[in-house]
Amino acid sequence: MLMTTKLSTEQTKNNPVYRYWVLVGMVLIAGFSQGMLLPVLAVMLEGSGVSSSANGLNAAALYIGIILISPFIEKPVRKYGYKPVIIVGLVLVCFSLLLFPLWQAFWFWFALRMVVGIADNLIHFSTQVWISTTSSRKNRGRQLSLYGLAFGMGFGLGPMMTRLLEINDYLPFVIASAASVIAWVFMLFLKNEWPARDFETGSQLNTFIRYKKVLKLAWFALLPGFFFGYMEASLHGNYPVYALRMGIDIQFVTVLLLPGFVFGSLITQLPLGILSDKLGRNKVLLGLISTGLVIFFSMSFAEHIPWLLFTLFVIAGMLLGSLFSLGIAYLADLVPANLLPTGNVMTAVLFAVGSMTGPVVGGILIEVVGEGAIYYSLSAMLAAMLAAGLIFQAQLKRQARADRQAA
């Protein structure tokens, strides 16, 4: 009864517009800190003589943190509400960022990255569910796509902080930490809210059964989350190291190539969402994956032509930068509403697994294969995704035929 009272009294006090844009700001800050840490720490570790495979392992720590907290993230949101969980995430990010430059040791950074991963997941899950449960059905897609745009924008701005290393090693971390403080100030003006009573989580039913149901209904819709994490972490965590090894100008990479990829994805986020509404999510995903495969493979031949490489990076971003949000939308098409929270948690875990394996695999390939390693890694993963998508498409057609015959 106490929870019901809190729900009815507190949730009417927030201005919906202010609440929405504050939450969008939260994910922009989280994206910025993630996008800054990957290339900045990669460059600093490379400068310290750390091998590319060890560099990739260190980058994976952030995503280990995401995985570790995922099974436990729903219960505190239900018990304490969204706001305290988000604030805890902001505080952890802020203090962790300030600690990075104090002691430049491999395992110290590994531990701090895990803490940042835990904090980022607290922020992401709470803000995503808060927006989802307070949006009407008719504008939920638009609001979540703008949420995705904010993360992409933050993630794209992050790599630009590598230029500040020439001035002072502390500067990128101080700026990112200050951004978290600003976000915290805006959060103070929001009233706490709790998930709606009909919002089901994995803790209420048998978690294993729910996961099994989601896998059976929508296993392919979970794969874009995995690949998106694999791709983002490979590009931001491995590519600066790859560029240094191959003689590509690091300023060109961090100021043009990586931001170009991210901003390319921002341009097409909404148009691709609208296109998928009209043509169907599966068709659009398969088209983007197959075209992206060709683009990434082509990069191995364009590496020493800067303008062409930049163009291919922007096109790749335009094609593949929306995979995560399209995967979430496809998941919503395939599973009933009560399984969506479980599906979102599974997508977050797979995103983390992809983000964790991408830098490790990429780091090993840089040492073993050398030239073209990053492009081949991403092309092979896209080829596997394409095969999986075709199998899933055939599975859906068989199911549709069986349903018609049964009727």
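From the backbone N, Cα and C atoms, a Cβ is placed for every residue, glycine too.
Automated prediction, rather than curation, is the source of TrEMBL annotations.
Feature list (source: TrEMBL):
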- 19-401: domain 'Major facilitator superfamily (MFS) profile' (DOMAIN)
- 20-44: transmembrane segment (TRANSMEM)
- 56-73: transmembrane segment (TRANSMEM)
- 80-100: transmembrane segment (TRANSMEM)
- 144-164: transmembrane segment (TRANSMEM)
- 170-190: transmembrane segment (TRANSMEM)
- 214-230: transmembrane segment (TRANSMEM)
- 250-272: transmembrane segment (TRANSMEM)
- 284-302: transmembrane segment (TRANSMEM)
- 308-332: transmembrane segment (TRANSMEM)
- 344-366: transmembrane segment (TRANSMEM)
- 372-392: transmembrane segment (TRANSMEM)
Inset, instruction - Quickly jot the same-chain residues contacting the transmembrane segment (170-190) by Cβ under 8 Å, restricted to those at least six beyond its ends, or write none. - result: 14, 18-19, 22, 25-26, 29, 32-33, 36-37, 40, 83, 86-87, 90-91, 93-95, 97-98, 100-101, 158, 161-162, 164
Legend entry - Criterion met for the transmembrane segment (144-164) and the transmembrane segment (372-392) (at least three Cβ pairs under 8 Å): no
Legend entry - Contact ranking winner - 56-73, 214-230, 372-392 against the transmembrane segment (308-332), Cβ under 8 Å: 214-230
Legend entry - For the domain 'Major facilitator superfamily (MFS) profile' (19-401), mean pLDDT (0 to 100): 86
